[in-house]
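Features reported for this protein in TrEMBL:
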type	residues	note
ACT_SITE	S36	active site
ACT_SITE	H63	active site
ACT_SITE	D160	active site
DOMAIN	24-219	domain 'CheB-type methylesterase'
Amino acid sequence: MFKMGRVLNNGTEVLAGTNFSKYEEELKYIVVIGTSTGGPKALKEVISSIPPDVKAAFLVVQHMPPGFTKSLAERLDYISKVRVKEAEDNEVIKNAHVYIAPGDFHLMVNKNADNVLRLKLSKDPPVNGHRPSVDVLMKSVSETKHKNVVGVVMTGMGRDGSEGVKMLKELNKAHIIAQDEKSSIVFGMPKEAILKGVVDVVASLNEIADEIMKIVGVHE
């Protein structure tokens, strides 16, 4: 079987020598994380705990203005065992990568005829007052019908992500994790997700990475 390699195409990482028929098998899990107020600290706790050989890709919406998401990705990349970067349009989603939605762009996922998942950036109108929106990302992931999905809603104000986790549960049978009130800076987003009745685990911030890994696992 061919192995994945990094090739830069106009500054965007793409797959080299990939056997696309094995793509879905290789990309076992997608983990979608949404957060807002208090998110950078929460992401630092979670992302830095992910092992380097994880068979999952992580897609993150952090409510932030343009420019700040790039520096957030760079800081997280420096302290993490997996690759962390700001998401780019048409980028192939890969294992052991964390993709952070750029400020002022919705992040979405498209599946092509070969079942390869690519990122899409959009300037569509804000949803729930946000661009990027957690609901937009989760909705797009749900529409891929990917079999193994984990949805995570962490600290933040408002209700962004509450409709998204419902769709992930209904269409993907996703495992849904919400941050608990005690460890949240603002409990709005996790609370709204919990009220939808689809959350499987309510966990403190220092437990979330472990809860993700219980589902995703590490495959040697």
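Every residue, even glycine, has its Cβ placed from backbone N, Cα and C.
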Checklist entry - Where does the mean pLDDT land for the domain 'CheB-type methylesterase' (24-219)? => result 96
Checklist entry - Counting every protein chain present, what is the number of Cβ atoms, excluding its own, within 10 Å of the Cβ of S36 (active site)? => result 24
Checklist entry - For the active-site residues H63, D160, which one has its C-beta crowded by the most other C-beta atoms within 10 angstroms? => result D160
Next on the checklist: Return only the integer: C-alpha distance in Å from S36 (active site) to H63 (active site).
Outcome noted: 5
Item to check | Euclidean distance between Cα atoms of D160 (active site) and H63 (active site), Å | outcome: 10
